[in-house]
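Colleague: My questions will all concern the structure given below.
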């Protein structure tokens, strides 16, 4: 499995057993000026969403590009 990973936003091979890609977004102190923090990576199971987070998981290679990378 290959997923985009932060902080370098490069596609990387996931560790064994981590077969899902994820995108996690949340607001930090600077949310109003810079927007949400975005974290990308690999996981074995989709994490539980906390009230202040948005999490999207997907199962195809490189299915989690940073929003600014999309055409």
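Backbone N, Cα and C atoms are what each Cβ position is placed from, and that goes for glycine too.
Residues annotated as disulfide bond in Swiss-Prot, with similarity to another entry given as evidence: 3-21, 14-42, 27-31, 46-57, 58-63.
Help me see these features in their spatial surroundings.
Modeller: For residue 3 (disulfide bond), the number of other Cβ atoms no farther than 10 Å from its own Cβ, over all displayed protein chains, is 25.
Every protein chain considered, the tally of other Cβ atoms within 10 Å of the Cβ of residue 42 (disulfide bond) stands at 20.
When Cβ atoms from all protein chains are considered, those within 10 Å of residue 31 (disulfide bond) total 12, not counting its own.
Annotation for residue 46 (disulfide bond): same-chain Cβ neighbours under 8 Å, separated by at least 6 residues, are 20, 22, 55, 57.
Cβ contacts within 10 Å of residue 63 (disulfide bond), excluding its own Cβ and spanning all protein chains shown: 17.
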Colleague: Out of 14, 21, which of the disulfide-bonded residues has the smallest number of neighbouring Cβ atoms within 10 Å?
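Modeller: Comparing Cβ neighbours within 10 Å for the disulfide-bonded residues 14, 21, 14 has the fewest.
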Colleague: Suppose we draw a 10 Å sphere around the Cβ of residue 27 (disulfide bond). How many other Cβ atoms does it contain, all chains included?
Modeller: 14
Colleague: Provide the three-state secondary structure of residue 63 (disulfide bond) computed with DSSP.
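Modeller: Coil, per DSSP.
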Colleague: Tell me, how many other CB atoms lie within 10 A of the CB of residue 57 (disulfide bond), whichever protein chain they belong to?
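Modeller: That number is 15.
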